[in-house]
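Remarks on the structure that follows.
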Amino acid sequence: MAQTLQMEIPNFGNSILECLNEQRLQGLYCDVSVVVKGHAFKAHRAVLAASSSYFRDLFNSSRSAVVELPAAVQPQSFQQILTFCYTGRLSMNMGDQFLLIYTAGFLQIQEIMEKGTEFFLKVSSPSCDSQGLHPEEAPSSEPQSPVAQILGWPACSTPLPLVSRVKTEQELDSVQCTPMAKRLWDSSQKEAGGSGGNNGSRKMAKFSTPDLAPNRMPQPVSVATATAAVAVVAVGGCVSGPSMSERTSPGTSSAYTSDSPSSYHNEEDEEEDAGEEGTDEQYRQICNMYTMYSMLNVGQTVEKVEALPEQVVLESHSRIRVRQDLASLPAELINQIGNRCHPKLYDEGDPSEKLELVTGTNVYITRAQLMNCHVSAGTRHKVLLRRLLASFFDRNTLANSCGTGIRSSTNDPRRKPLDSRVLHAVKYYCQNFAPNFKESEMNAIAADMCTNARRVVRKSWLPKTKPLHLVEGDNYSSFISDTGKIEPDMMSMEHSFETASHDGEAGPSAEVLQ
């Protein structure tokens, strides 16, 4: 029997993918162009189909050389995910990790969805350590991005041979997150001297697509694609639209910036950042994507979550603030915040009507509660987040919680994180209201609310504290019970003693008289 010889070349598959990526960056041997909002990305069908179920179904139903993705997908996030398909690595700005997660859900890339979610949650926390972050490799070992190549940055002009440098990859299951050293919008902020505030619109390099066919083929959607898991693309600041400043003039204050009666937090003056005005159509698109993304949880029963019933709260000035149940948002408030609220708030309706905060989350809040949150917050997105969290979680729940679930060494291990579905819905709604609202800021505010709630609850316990000698242990309580049993005998003895003493007092006087 002939012997079989076997030879294995380590990391040969990685080197092939690396060479394919270099060919893609140079536009060599690419057989498909993916168009995202006018930006064209050349790629290989085989690599896309092997990485994404979305593209696999799409290529099975169409042989077109040009594929156009829906408008909800952002070019920057798709570029990063396309690089991941070739290299298995992600590189992004801090704060954009959830945008990538949701885009990966739309493209049905399960590796990012399954392995990256927990990792990105840790990275987005303000208390996370740096163990999960890997420094960027040298520029020579990292393939260039299409944006860099088109802008004329140095790049190889000739295709590299297949026997190219080999990267030593880590574990197949690991997900690397290499934060960029500089953000694309940092330079413009420094030039402006920081006076203009944070701009919600992410600045991306735009490049032309001369190789595109003049007539783009409409994207066919199969049944499997339509029912596939799709994710939200708005978290991280993807809602685009005409920018609008939230900052009021120095001499004018917003008419809708009063504090909520249910708020027990110490709220100082918060800076109001510039936001973006999202249209109803964009809101519906993103909500539809969230609905399809929720279908990832197949076989799981999603319970309906509703906001807490509103209660009239006594304030420190011994007066009751009466809330007005409005049928629709006031015109003055609409002029200030634009179309960034729930679409149904702009039409008149029953104040007790239950509105789904974000389509597909099964998290409901009454029209009156949501409207009062907006009226109280005005243009301040941080206050809006506090109002919404206070609408869903009462004081005791917040006090007994560890916030977003990211613990520090000083946290009580008995504290449980808040309901993740409610947190995600509230965060997403606030992200739609203010696209530049970062995930790390939201986590910090939620943790601060839990801390403040614990302080208030602790103060309410102080007057009811028992003296130390009353909580000594079982011996003292058993002694109390025993003394309770002998109390009648002691009373009878005391009564007889008093009688004897009186008789004793009368005795000598009688003897003297005699």
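Backbone N, Cα and C define each Cβ position, glycine as well.
Across the domain 'BTB' (30-94), DSSP classifies residues as 29 helix, 16 strand, 20 coil. If you look up Swiss-Prot, you'll see 30-94 marked as domain 'BTB', on the strength of sequence analysis.
Look at Swiss-Prot and you will find K167 tagged as SUMO1 cross-link, backed by similarity to another entry.
The feature SUMO2 cross-link is assigned by Swiss-Prot to K167 (among others), with similarity to another entry given as support.
The SUMO2 cross-link feature in Swiss-Prot is assigned to K182 (among others).
Residues or ranges marked as region 'Disordered' by Swiss-Prot: 183-218 (among others).
Annotation source Swiss-Prot lists phosphoserine at S187 (among others), citing similarity to another entry.
The feature region 'Disordered' is assigned by Swiss-Prot to 241-279 (among others).
Annotation comment: Swiss-Prot describes 242-251 as compositional bias 'Polar residues'.
Positions annotated as phosphoserine by Swiss-Prot, on the basis of experimental evidence: S245 (among others).
The compositional bias 'Low complexity' annotation in Swiss-Prot covers 252-264.
The annotation compositional bias 'Acidic residues' is assigned in Swiss-Prot to 267-279.
The feature SUMO2 cross-link is assigned by Swiss-Prot to K304 (among others), with similarity to another entry given as support.
Per Swiss-Prot, domain 'BEN' is recorded for 360-457, and the stated evidence type is sequence analysis.
Taken from Swiss-Prot, the feature SUMO2 cross-link covers K438 (among others). The Cβ neighbour count for K438 (SUMO2 cross-link), using a 10 Å radius over every protein chain in view, is 19.
Summarising the annotation, Swiss-Prot assigns SUMO2 cross-link to K466 (among others) and lists similarity to another entry as the type of evidence.
Look at Swiss-Prot and you will find K485 (among others) tagged as SUMO2 cross-link.
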Please work out the helix, strand and coil residue numbers for the domain 'BEN' (360-457) from the DSSP assignment. 61 helix, 6 strand, 31 coil
